[in-house]
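What follows is a short report on a single structure.
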Amino acid sequence: MSNANGTMNLTLKVWRQKNAQTDGKFVTYKAENISPDMSFLEMLDVVNESLIHAKGEPIHFDHDCREGICGMCSLYINGRPHGPKRAITTCQLHMRSFTDGETITIEPWRAAAFPVVKDLAVDRSAFDRIQQAGGYISVNTGGVPDANEIPIPKVIADEAFNSATCIQCGACVAACKNASAMLFVSAKINQLALLPQGQPERYRRVQTMVAQMDHEGFGSCTNTGACEAECPKEITLTNIARMNFDFFSAKLFREEEVQEIDNN
Amino acid sequence: MSELKQTFNSSLGKKLIMALTGLFLSLFLIVHLGGNLLLFSNDDGYSFNMYANFLTHFPPIEVIAYLLYLAIIVHAIYALVLTIKNRKARSVGYAVATKSPVSFSSKNMGLLGSILLVFIVIHMGDFWYKYKFTHDVGYKEYRTDITSGERTVTDFKPEKPDFEHSLSYADNTEITRVKDIHSRVANSFSILWYVVIYVIAMVALSFHLLHGFESAFRTFGWVHRKYLPIIKFVGVWLFAVIIPLGFAAMPIVYYLQSLK
């Protein structure tokens, strides 16, 4: 909460790192006269402005839409991805969630598969490569199909849609004690595996995407549930169970899928 | 790499092995607790000694026993392999420890499992190893009157050191000579620090299974709105409460009895 002037003075401990090759360190900054109505990123903008005026290097951090839908912003704030509030991204986090005089520690996502690009910005292209490994459906384009041509039960459609709300921000990896990407990967698998359009490639997809996930060097799941607790889109752990079931079905019971992979 | 090898080398495959071995070990605990409740039968260890004798001389049980030892080793090795891989996945740690709301158990499975592994080594070294491979365990002779069912017990010293057990009849009396693991148990459980180790291990077991039982089913992918509450209930009440309490009761009761 704010002081008598209606503003806040904060101490920031920010991770500064020149590039992936050099070691980084924490640098302390003062953030003064911050409005409690600012978003966290706007607060950083104010700090950066003063850094630029002082001919310093501004703090680099990822951001884009600033309305919680693009998945670009990150930041591990005081021990939690996207800060202390549930089900929001950092850009939706407001300074009223902190108290005047507080010290805020800001770190980048920490994962071997997410190398630091600069300061708080990390390279999340590992997620893109997992998607490219099978996170799509192959369809022939043609005439626009009629609405509701393929009947899908509402609960299934809802479940698929819930999985599809994943914005690829990587908070699940950042929160996981094993830096596991399984919540992300499973959401991307299930948004397709639950629907009829996703069926033809269903068992192939789960194998190729899991293989790419392992290749990128993410950890494995211990069903701890930190990912679920920190996901700004509230993707559930059930997704991981669904993915496991499909993966084992594909690997252990589906002969034709096994042969297909072998032939490639 | 063969298809199966590839499957079990994947992150999910390794977790499957953890889940399968873990559940097998959990199932064993039910049998182990059931059998060991014989420690509470007031018959100078007759039924417990007979039970121990049966376990070590019935071939199918012996096969399962070796599968069990294998499961313990595989579970521990895969846990180590996965932990190393998971540590590598976050080579640089956070300065601020996580504040995500997660259970104590799920965060500390490795620590709890390590406590259990140390305990298993102590436990098997003291009972299983001494019973099977040394002559440290004494013998008892139980004479049961067949008509009245009255039983007397005496210490028995066999002529040959590798004597196992015998059953004979004389004068309307059943004479059973058997290795006396019961006295060994009573003796161990009269030592306070030994009892403390057992109780600590059972607390670790409780927390390990509190997360582990449900987690194994999640790894299989058997998560269902209807059945998950049942799995949770069994995991909490049977595996995290009843079983550890039952096991912990044995050293505690024997220790209290030894004080008298």
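Cβ from N, Cα, C; glycine included.
Please treat TrEMBL annotations as automatic predictions, because they have not gone through curation.
As recorded in TrEMBL:
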- B:16-40: transmembrane segment (TRANSMEM)
- B:63-84: transmembrane segment (TRANSMEM)
- B:109-129: transmembrane segment (TRANSMEM)
- B:191-210: transmembrane segment (TRANSMEM)
- B:230-256: transmembrane segment (TRANSMEM)
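Residues 11, 14-15, 17-18, 21-22, 24-25, 28, 55, 109-110, 113, 117, 120 of the same chain lie 6 or more positions beyond the ends of the transmembrane segment (B:63-84) yet place their CB under 8 Å from a CB of it. Sequence-distant neighbours of the transmembrane segment (B:191-210) (same chain, 6+ residues past either end, Cβ-Cβ under 8 Å): 26, 103-105, 108-109, 112-113, 115-116, 119, 122-123, 235-236, 239-241, 243-245, 247-248, 250-252, 254-255.
Long-range Cβ contacts of the transmembrane segment (B:109-129) within its own chain (Cβ-Cβ under 8 Å, at least 6 residues beyond either end) map to 72, 75-76, 79, 83, 181, 184-185, 188, 197-198, 200-201, 204-205, 207-208, 211-212.
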